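Taken straight from TrEMBL:
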- D309: active site, proton acceptor (ACT_SITE)
- Y397: active site, schiff-base intermediate with substrate (ACT_SITE)
- 26-109: domain 'Copper amine oxidase N2-terminal' (DOMAIN)
- 118-211: domain 'Copper amine oxidase N3-terminal' (DOMAIN)
- 245-647: domain 'Copper amine oxidase catalytic' (DOMAIN)
- Y397: 2',4',5'-topaquinone (MOD_RES)
- 1-21: signal peptide (SIGNAL)
Amino acid sequence: MATIKPFLLVLLFSIFSRISSSKTHHPLDPLTREELSLVQLIVKKSYPPRSSPVFHYVALDEPEKHDVLSWLAKPEPEPLPRRAQAILRVHKQTHELVVDLKARKVVSKHVHRGPGFPSLTLEEQTAANDLPLTYGPFLRSAAKRGIDVSQVVCSVFTVGWFAEEKQIRVVKIQCFSKKDTVSVYLLPVEGLTIVVDLDEMRIVEYKDREVAPMPRAEGTEYRLSKLPLPHGPRINDTYHRTFFHACRWMNWEFHVSFDARPGLVISMARIYDPDQKAFRSVMYRGHISELFVPYQDPTEDYYYKTFFDSGEFGFGVSAVSLVPNGDCPSHAVYMDAFYAGPDGTPVHVPNVFCIFERHAGEVMWRHTELAIPHVTIAESRPEVSLVVRMIVTVGNYDHVIDWEFKPSGSIKTQVGLTGILEVKAANYTHADQAAASEEAHGTYLAEHTIGLYHDHFLTYYLDIDVDGATNSFVKKNLVPRRNTNTGHHRTPRKSYWTVVTETARTESEAKIRLGVGPTELVIENPNKKTKPGNPHGYRLIPGPVIHPLLAPDDGPQIRGSFTNYNIWVTPYNKTERYAGGKYVDQSQGEDGLAVWTRRNRKIENEDIVMWHVIGFHHVPCQEDFPMMPTLSGGFELRPTNFFERSAVLKAVPPPPMKADGCGVVEP
């Protein structure tokens, strides 16, 4: 059976990341394996032999934006200097370094003395998870509950901040039974408090308060090989593994990069305009800035579970290798990535991104003309788009992150939430008991099993450059009017709506809680206009609207204050990329988007960045158990007076495909 060879999947990938001395480096290419190894060597040489620095984050120290744009404009540019930024833990302190790769030296070193800690490494999480399994008090607690320790796994949870004055780099450990299941998060061992000091790597607090009944493992199996289902034929394909960063597809070109913190980064997105016979800029950089997940159980075992998945654990570090034919279609191509491990050694993540054409059966545009006598004209074009995908697994949840490019000029994002619910064991045997209790804080899903209420707040960083960096943020408010029937235009109509345009001058004027009133939000270039005189623009079609329900003086909401609005706009600043601040673990709300915007800086006709908060309030239901079907949401950036006319008329439709049994073959 032939595999799919989709039309127009001519991906012209420029292979930049080879060696650090290459003259073909794109300025925004991520650090290569060789460069990461060089950073490791340079940094370790800058410390005494026995200092044992632990690498928590290493990434490209990107050139200034104006230097990158200048580089892009030159036909044969010289490579820009390559530098790396590194965050280390040394002797219980957080060190920030900048490394010049060409000069092979550390050019900047700073000790962070404020609140917050860097993201956790995978290795220290593993070490902390192992501590209870040989800890005497825990072994006695397990025996008291009739739990076989050989059937126990443990997991790290960050502790948040609740106005504590003294900060110690600690985490809490929760343990789970894997007896008769691999859905370990569904069988929590309740009633224990285990606190681990990560710098000392030892248990510093332990409490055994109460024994709760253990949920049952029955019905929690999700592996296909273990389920009583018929198995269909398998198609064996050889998948192409390569390294690429610059992509050109149909009328789009953009850059794909990997960062240990946000993971997938899209930059330098430009679209070809056949009328101007040139590529035009749309977005300089886009990625998920933070994911805030506060659980709604204030009891001793769960009150601290208010996670910042990107800042505390790292989306890039938590990205998983994609499964061909499951996570991505058979015609996808893949990209590998590297990040620095705790000792600075490059860690290889194969198949971290996939790129594929999506043929979803959607209609790009159509029209049937019936108004012409004796003539029927029917025209239709199928929707074909290009998708770049990453999947991040942080604990029990998996996040499917897509960036989708359309020939119409639109960029769509989508995040899909799936995986296993966070549950707690409770002494309930029926939903009525849980509903009558003030201690449930969730949905009764199965015997002794409560699925906890929680939120998902995703904040996107969007450095949109509509035909250049100098843009404005425009609110087009839809305002109802009463028809006064004055003058010569008297009609029976009593009402209508019109558009009142408002350009935000400062950051405070751009803060928006969606859902209050109808409005269209547009990033415009006031200096570039169409022939009819409309400013070039891209408008935001928002994602699922969510507002915080926590009290503003609650520690988690102070740290997550960037969710107070769905829209923020700031002047471009290279150092302002993460809505929750640079150091999120145990942060105190002293840094981040809500703090930066207090300066109320000018944003009209400036280089600006839009931040969009989307998300879900999640009330679990039985269909979410034991494996949650993917819940998806996203938003669209859509051209608005950007082109002189619709861009879809010049999009060439793909040839038809015909079915051959269960497969698809070329026509």
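Including glycine, each Cβ sits where the backbone N, Cα and C put it.
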Between the residue listed as 'active site, proton acceptor' and the residue listed as 'active site, schiff-base intermediate with substrate', what C-alpha distance do you get in Å?
10
Including all protein chains shown, what's the count of other C-beta atoms within 10 A of the C-beta of D309 (active site, proton acceptor)?
24
Far apart in sequence but close in space: which same-chain residues, 6 or more away, have a Cβ under 8 Å from Y397 (active site, schiff-base intermediate with substrate)?
V293, D309, L417, T418, G419, I420
Taken over the domain 'Copper amine oxidase catalytic' (245-647), the model's mean pLDDT:
95
DSSP helix, strand and coil counts for the domain 'Copper amine oxidase N3-terminal' (118-211)?
28 helix, 28 strand, 38 coil
The domain 'Copper amine oxidase N2-terminal' (26-109): DSSP-derived helix, strand, coil residue counts:
22 helix, 28 strand, 34 coil
